[in-house]
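Novice: According to Swiss-Prot, the protein has these features:
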TRANSMEM  33-53  transmembrane segment
TRANSMEM  77-98  transmembrane segment
BINDING   H83, H182  heme b b562 binding site
BINDING   H97, H196  heme b b566 binding site
TRANSMEM  113-133  transmembrane segment
TRANSMEM  178-198  transmembrane segment
BINDING   H201  ubiquinone binding site
TRANSMEM  226-246  transmembrane segment
TRANSMEM  288-308  transmembrane segment
TRANSMEM  320-340  transmembrane segment
TRANSMEM  347-367  transmembrane segment
Amino acid sequence: MTNTRKSHPLIKIVNHSFIDLPAPSNISAWWNFGSLLGVCLGLQILTGLFLAMHYTADTTTAFSSVTHICRDVNYGWLIRYMHANGASMFFIFLYFHIGRGIYYGSYTFMNTWNIGVLLLFAVMATAFMGYVLPWGQMSFWGATVITNLLSAIPYIGPTLVEWIWGGFSVDKATLTRFFAFHFILPFIITAMVMIHLLFLHETGSNNPSGMNSDSDKIPFHPYYTIKDILGILFMMITLMSLVMFTPDLLGDPDNYTPANPLNTPPHIKPEWYFLFAYAILRSIPNKLGGVLALVLSILILMLFPILHSSKQRSMSFRPLSQCLMWMLVANLLILTWIGGQPVEHPFITIGQLASVTYFFIILILMPSTALMENKLLKW
């Protein structure tokens, strides 16, 4: 009699994905972030579901309902802060996961990579709409500023913005639809994650050497299940420390003031995980140019497989490319810092330089350095 795990139509799929999956024997902790992102997504859906039970998507009561969750609902404060800080953890892991993909050349799995970039866009859209829901000052003005960017689209722009708003400004209709989209998108993301995994399992995982590992595979369970559990443990310790001790560390104090269309906050800025893109947007003095740069700063990830000019897949044995990779990381940290600063000298100039450098490293320096490394190795 065959094992149920291997014969049952549904359990068989789980078995091939998480139990008997052949995995490279040398994948490092950088490969933990996929499972951590999965746990984050599950946690966000779960906490979000409980928040939605008590939240009201109406301009007059939204802010009060969030206050009610924190004050009156059993462990409401815990659920709310786990959801808010869980989003921050989600983005930290996303950026590590993408960075890992760039460093080790995982982007050569074209299908997996492209669906991953689409996933990034979907998660960013979800996070943005979630930030609008508490209906604080930064929620309202963030929504106003970001949706207004669409007015830069030639010809259809202004009509498009009013269509998204459901009126002539960000109001009740906007909040209601943002709540609807914020609720449905995580489930669409879950479906996309399944496609992401489907494409990954077609090829098998990459590994730090960037070489074919078919000759040395080990079963996913117990080796990588236990490794993932350790990663999840570290994640939960970090998340719960953040939630219990400094829940508002990554938030904006302005969002504790109810939304007021008649009073603009002195510095409108998004959550920390969007600051690098916001800095790129602000560094261009033209509205349409800024919007294009903003979209391209993420969409540029799609170009990595095309721009790959090295004969080696991974950066493990390419010191010059490694230097550029860490330059890119430093550059993104500078952009994140600039995105949170007011628009004045010297921040404007630093932001413009960092924005140009970002595109220059990816589009010119990385491919040309890879070609130079090929030459140095006489390939």
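Placed from the backbone N, Cα and C atoms, the Cβ positions cover glycine too.
If you look at the structure here, what lies around each of the features I listed?
Specialist: Among residues of the same chain six or more beyond the transmembrane segment (33-53), those with a C-beta under 8 A of the stretch's C-beta atoms are 69, 79-80, 82-83, 86-87, 89-90, 93-94, 96-97, 100, 182-183, 186-187, 189-190, 193, 228, 231-232, 235.
Sequence-distant contacts of H83 (heme b b562 binding site), defined by Cβ-Cβ distance under 8 angstroms and a gap of at least six in the same chain, are Q44, T47, G48, L51. According to DSSP, H83 (heme b b562 binding site) sits within a helical segment.
Within its own chain, H196 (heme b b566 binding site) has T112, I115, G116, L119 as residues 6 or more apart in sequence whose C-beta sits under 8 angstroms from its own. Taken residue by residue with DSSP, H196 (heme b b566 binding site) is part of a helix.
The list of residues near the transmembrane segment (113-133) in space but at least 6 beyond its ends in sequence, with Cβ under 8 angstroms from a Cβ of it, reads 55, 57, 62, 66, 87, 90-91, 94, 98, 101, 106-107, 139-140, 142-143, 146, 174-175, 178-179, 181-182, 185-186, 188-189, 192-193, 195-196, 199, 270-271, 273-274, 298-299, 301-302, 304-305.
If you take the C-beta of H201 (ubiquinone binding site) and look for same-chain residues 6 or more apart in sequence within under 8 angstroms, you find H16, S17, L21. DSSP classifies H201 (ubiquinone binding site) as helix under the three-state reduction.
Taking Cβ pairs closer than 8 Å, the transmembrane segment (226-246) reaches residues 29, 32-33, 35-36, 39-40, 78, 81-82, 85-86, 88-89, 93 in its own chain, all 6 or more past its ends.
Distant neighbours of the transmembrane segment (288-308): 98, 102, 105, 107-108, 110, 113-114, 117, 120-121, 124, 149-150, 152-154, 276-278, 280-282, 355, 358-359, 362-363, 366-367, 370; these residues of the same chain sit at least 6 beyond its ends, with a Cβ under 8 Å from one of its Cβ atoms.
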Novice: Around H182 (heme b b562 binding site), which residues of its chain at least 6 apart sit with Cβ under 8 Å of its Cβ?
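Specialist: Expected: G48, T126, M129, G130, L133.
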Novice: For the transmembrane segment (320-340) and the transmembrane segment (178-198), check the count of CB pairs under 8 Å (sequence separation 6 or more) and say whether it reaches 3 or more.
Specialist: no
Novice: Are there any residues in the same chain, six or more apart in sequence, whose C-beta is under 8 angstroms from the C-beta of H97 (heme b b566 binding site), and if so which?
Specialist: F33, G34, L37
